[in-house]
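Structure, as structure tokens:
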């Protein structure tokens, strides 16, 4: 019965015990109601007392045998003795009083059953000193409840005998009244008692024998000690006294207790925060401190929700009091920038000012699209740069060069100022810079390192249209601070700077306001210097060497003089411009533009040195004889015949650099300002060439730009 808790309810299991209880209680009740009153008057009043005591004793033992734990062994846990479960032998042998007794492995309970223990197939439990499973009490009979079962049998047998005997006595005393109700009920109770007396008396006698011999029903039925010696017997009297008078065996199963429900918070859940003092430890850039702040639960939740959507805070400012070297460096850099920036010059943004720059060397060819490919030029070999000169010619490049000293040219250090006006062709128009001691060989050396001053607006147009040719890969001048050269020590601030955070239109409008203040200057003569082929590809170096051989073999062509109009052609001396003369659009754009389709001719390579008598126009300044106002987008997208002032030997020397991988047929480039050729009077197109641009209507010229854009330029 106690083992049935927690299992499925089976009504059939309670039929025998219910029937036994009904017959026992019902028959005894009838006996006390109809027979005992007459017997108490006729025989003795002790008869009902005796029967009542016996009946209570029967009920007590019946209840104890039914509801008491028979001595169930608890089962092993699932993770206990797994090795024994798989590897254990079927039996183990122990010696009791010199006799070998086997202990069998129980696969259900997962342990070796002790001696005299057996597994009940009905209760599905291993019971200590298992006797049998009695259906009349609906429980196993084991060591702990065998006493009560045995006493139940004895008391029940005695009670049945008493009921039957006292009933027979009542009938004999009232034989004249056999037809009476009392006599009839007494006779019916005697029949029931007589029917139960035979099996109960037989079972009681059987167990008396077993107790006297010290055996169990299971041992007797299975014949374990048949023909042998029982090691568990202690003699008849000892066996009886052990069953009836010994102390009860301990209980192996704990008493069933109600399970308590405990709510356990997982470790990742934050405990509830009550209103109170919260110690907050702050760590800010190495500065530690403890603040005691009063925060409520609501304020913390609001802060959490805000911090989840907010941007991460900016890095803290450095503590200048702790780092004296950094403070000195920042103060010197601030003073230098304040002295370099003129009154009319735009301020350099802070993040741009201290951004590290990388000089273009071998990495320029490897990464032509890198925005860190910058070109810087050193001071002149002939004219030293002073603070006053640098204040008049600021470079707007404050970042240091990270290139090793072995790869630096002694002329590096000053950046080229960018002027979108003079960058009309595919490669930037070459213009000689006054006041800088560059020679032709030095420019070729810079050019051999793969650097060029391609127009920022031109490259922006290429990038916007998504067409980059092989030439643009060799000329990676895509950084915003790739500036053009400011010529000569002029009092006015230079105009080549374009802020990287401004659009091209705003930058051109700002330059248009400063444009008329530039004065024309003339460049000095330069001497050639040897050429470096360090970072060029193998086929370009081979073709360049072949061209130099041809240059040494063929004499320079005579009769080519610079025409006066060439002085204002807007030529700008930029290193690496001989790589590929290119229009401001890509090769695909030049093929699409109807204004740039001319027969293949030799590219116009301007001379780097000009006579001192010829004065070049100031950077981006208008023509000396023109009064047309400056237009923001005055870039030339057409090509023209090369000027006659350019020597053929220089063209031959620069031809190896004009071989793109995408097989773009390079057109002859002619620099133009405001859509008009600079030396249009001296250079006329060939007989088979189409017009340079669309016809001028009423002083307005239409020029096709990138992506099919048409620009109207007043002449």
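Using the three backbone atoms N, Cα and C, a Cβ is placed for every residue, glycine included.
Range annotated as transmembrane segment by Swiss-Prot, chosen from 107-127, 128-148, 149-169, 170-190: 149-169. The record in Swiss-Prot shows differing topological domain names for residue 39 and residue 710, meaning opposite sides of the membrane. Checking the candidates 339, 380, 467, 682 against Swiss-Prot, the annotation phosphoserine falls on 380. Residues 27, 30-31, 33-35, 38-39, 42-43, 163-164 of the same chain, all 6+ positions outside the topological domain 'Extracellular' (170-191), place their C-beta atoms under 8 angstroms from a C-beta of that stretch. Residue environment of residue 134 (active site, S-palmitoyl cysteine intermediate) contains 23 other Cβ atoms, counted within 10 Å of its Cβ in all protein chains. Residues 28, 159, 162-163, 166-167, 169-170, 173-174, 182, 185-186, 189 of the same chain lie 6+ residues outside the topological domain 'Extracellular' (35-52) yet bring a C-beta within less than 8 angstroms of a C-beta in it. Under DSSP, residue 134 (active site, S-palmitoyl cysteine intermediate) is assigned to a strand (E or B) in the three-state scheme. Here the topological domain 'Extracellular' (35-52) has, by DSSP, the following mix of helix, strand and coil residues: 15 helix, 0 strand, 3 coil.
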